[in-house]
Amino acid sequence: MEGPAFSKPLKDKINPWGPLIVLGILIRAGVSVQHDSPHQVFNVTWRVTNLMTGQTANATSLLGTMTDAFPKLYFDLCDLIGDDWDETGLGCRTPGGRKRARTFDFYVCPGHTVPTGCGGPREGYCGKWGCETTGQAYWKPSSSWDLISLKRRNTPQNQGPCYDSSAVSSDIKGATPGGRCNPLVLEFTDAGKKASWDGPKVWGLRLYRSTGTDPVTRFSLTRQVLNIGPRVPIGPNPVITDQLPPSRPVQIMLPRPPQPPPPGAASIVPETAPPSQQPGTGDRLLNLVDGAYQALNLTSPDKTQECWLCLVAGPPYYEGVAVLGTYSNHTSAPANCSVASQHKLTLSEVTGQGLCVGAVPKTHQALCNTTQKTSDGSYYLAAPAGTIWACNTGLTPCLSTTVLDLTTDYCVLVELWPKVTYHSPGYVYGQFERKTKYKREPVSLTLALLLGGLTMGGIAAGVGTGTTALVATKQFEQLQAAIHTDLGALEKSVSALEKSLTSLSEVVLQNRRGLDLLFLKEGGLCAALKEECCFYADHTGVVRDSMAKLRERLNQRQKLFESGQGWFEGLFNRSPWFTTLISTIMGPLIILLLILLFGPCILNRLVQFVKDRISVVQALVLTQQYHQLKSIDPEEVESRE
């Protein structure tokens, strides 16, 4: 600043109503985050750049959420000054210059929103007193709304650290790489952690000198967020591309014993395996059914003697079982909290009672057996193996306590099971034969009802010898891998639907699961039962050609039914035309037979009835011609005489 223009500031002259600073840049990979889970973990990089030289003063990367990834940033004042600072001759080119920089106070002014009178880049946005919001000076510049604070750390008193250890002899005590003897620390305030980082932000920094012009430098702070997810192309529908038929089962070849190389032969470097490709529609859904079968066969072999496992065509495609478990605390995000394991899908069906975290509303407290209160601090709660946190914002393997403290988010620890229904063979065959009628629809058994609670302690039943939990088996790992693959495909379809800029027909085509199951049904891989796509399974595994298996079983049942019939019933079954002929002439024949049997008797009775009526009529006619004589009593005649 120009000394004659105005006097040096006093502590009570600082204007507390300075401009609001918004700092940082959020670099996203082309995907909107408005629907992402607040617990989603990203690779966040904060970068402090000297705008005068273009050099990076600090680049700090960490795994964290958008709510708690605000670390302390450490760098040196000379990283912001450079070798030469303005035309004053100050700078950090020499140890003396670096030592002299320790004697000056400094103050910082925001450059993103510059109030009237604070100047521009040339003035470092500090054109007048009251524009500064932080720094290290005797009047202690600060603000209650600023997003950062920039202060000195413990500054060494001796001159040794100001010498560059790579450019001087080893007899200089305390020499440091680059001669760093002006350490600074940048911290985010509460306002900064709640702010919206929507672009690169710049500050001006000036050294406070009692006389003359205060030298100026500028620096920026940016935030980069990497691995947020795959880019979604704008163009033709991306859903149909991976609807590939299932691959043939690979025959397992027994490994051959290694043969010793011939003498004098050069060693052969084995070829690396090609990178694995994402499974197509057929393989992905068959892997899901096969994983469900493997887990069911391991825990309940009696249920897999012969059964049908069906995928539902309509949502929900997954259901959760609330469980009690012991989560682990981590001060930093563990590896399993990566973006690949985050899902913004909502779990609409949760049963049971389990462990809850956060502010659970009354409408969902029935799912909570225990509600855990989080302690103060910023750390991560990692779900135990085989489970996941089902939150009102999506599915996540890890929770950020910072998010829970700042929001009304709540989560339940659940086991995640695909919506695979279990049907007995009799029910399926009866539906296709249409011979069995039910007064009410039988209750559908799902994988969650059959296996729910088997991965956690207490309810965790032993498998095999009774000492191995289901979560530790290869069968369960196979099911979990299939679940994550299918969830990724569903989420990709949802994202494509959200970003679709094409016609309505393409939007309708992106009913992903319905398309997938239709694809399998048309290929004969599954049997369509109402709203389900069913696969046949027995102790040999899941049959891929389920329609052929269904036809085979129906033919066997038909032959067994025919073998139990008599020759007369078999005659009708073997001659369809005879059945039609008999049903056509049977009515008239029965009527004719009844006439022949009962006709004469009825006719005789009718004739006799007619004769009786005629005789009565004749008698009446004859009596009309005569008069009845009065009868005389003989005794009365004698008495008269």
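In case you wondered, yes, glycine gets a Cβ from its N, Cα and C as well.
Here Swiss-Prot flags 1-32 as signal peptide, drawing on sequence analysis.
Residues or ranges marked as N-linked glycosylation site by Swiss-Prot: ASN43 (among others). According to DSSP, ASN43 (N-linked glycosylation site) sits within a strand segment. The Cβ neighbour count for ASN43 (N-linked glycosylation site), using a 10 Å radius over every protein chain in view, is 17.
Sequence-distant neighbours of ASN58 (N-linked glycosylation site): residues of the same chain at least 6 apart with a C-beta under 8 Å from its C-beta are TRP46, ARG47, VAL48, LEU73, TYR74, PHE75, ASP79, LEU186. DSSP assigns ASN58 (N-linked glycosylation site) to a strand. The feature N-linked glycosylation site is assigned by Swiss-Prot to ASN58 (among others).
Here CYS109 (disulfide bond) comes close to CYS118, GLY124, TYR125, CYS126, CYS131, GLU132, THR133, TRP203, GLY204, ARG206: these same-chain residues lie at least six apart in sequence, with C-beta atoms under 8 angstroms from its C-beta. Sequence annotations record features per position, and here Swiss-Prot assigns disulfide bond to CYS109-CYS126 (among others).
The disulfide bond annotation in Swiss-Prot covers CYS118-CYS131 (among others), and the record cites similarity to another entry as its basis.
Taken from Swiss-Prot, the feature region 'Disordered' covers 256-281.
The N-linked glycosylation site annotation in Swiss-Prot covers ASN297 (among others) and is backed by sequence analysis. Counting every protein chain shown, the number of other Cβ atoms lying within 10 Å of the Cβ of ASN297 (N-linked glycosylation site) is 20.
CYS310 (disulfide bond) carries a strand DSSP state (E or B). Listed in sequence order, the residues of the same chain lying 6 or more apart from CYS310 (disulfide bond) and placing their CB within less than 8 Å of its CB are VAL420, THR421, TYR422, HIS423, CYS526, LEU529, GLU532, CYS533, CYS534, PHE535. Residues annotated as disulfide bond in Swiss-Prot: CYS307-CYS310 (among others).
What Swiss-Prot lists as N-linked glycosylation site is ASN336 (among others). When secondary structure is read from DSSP and collapsed to three states, ASN336 (N-linked glycosylation site) falls in the helix class.
Taken from Swiss-Prot, the feature disulfide bond applies to CYS337-CYS391 (among others).
Long-range Cβ proximity for CYS356 (disulfide bond), meaning a same-chain Cβ under 8 A and a gap of 6 or more residues, is found for GLN365, LEU367, CYS368, ASN369, THR370, THR371, GLN372, TYR410, CYS411, VAL412, LEU413. Per Swiss-Prot, the feature disulfide bond maps to CYS356-CYS368 (among others); the stated evidence is similarity to another entry.
Annotation comment: Swiss-Prot describes ASN369 (among others) as N-linked glycosylation site. ASN369 (N-linked glycosylation site) falls within a strand segment according to DSSP.
Swiss-Prot lists CYS398-CYS411 (among others) with the feature disulfide bond, giving similarity to another entry as the kind of evidence. According to its DSSP assignment, CYS398 (disulfide bond) is in a strand.
Around the Cβ of CYS526 (disulfide bond), a 10 Å sphere holds 29 further Cβ atoms from the protein chains shown. Residues annotated as disulfide bond in Swiss-Prot, with similarity to another entry given as evidence: CYS526-CYS533 (among others).
Each residue contributes its Cα atom, and for CYS391 (disulfide bond) and CYS398 (disulfide bond) those atoms are 11 Å apart. Counting in whole angstrom, CYS398 (disulfide bond) lies 15 from ASN43 (N-linked glycosylation site) by their C-alpha atoms. Under the DSSP three-state reduction, CYS526 (disulfide bond) is assigned to coil, being neither helix nor strand. Spacing of ASN336 (N-linked glycosylation site) relative to ASN43 (N-linked glycosylation site) is 13 Å (Cα to Cα, whole number). Of all Cβ atoms in the protein chains displayed, 23 besides its own lie within 10 Å of the Cβ of CYS118 (disulfide bond). Cβ environment of CYS307 (disulfide bond): TYR422, HIS423, SER424, PRO425, TYR536, ALA537, ASP538 lie under 8 Å away, each six or more residues apart in the same chain. In the three-state DSSP classification, ASN297 (N-linked glycosylation site) falls within a helix. Across the fold, the C-alpha of ASN43 (N-linked glycosylation site) and the C-alpha of CYS337 (disulfide bond) stand 11 Å from each other. In this structure the C-alpha atoms belonging to CYS337 (disulfide bond) and ASN297 (N-linked glycosylation site) are separated by 31 Å.
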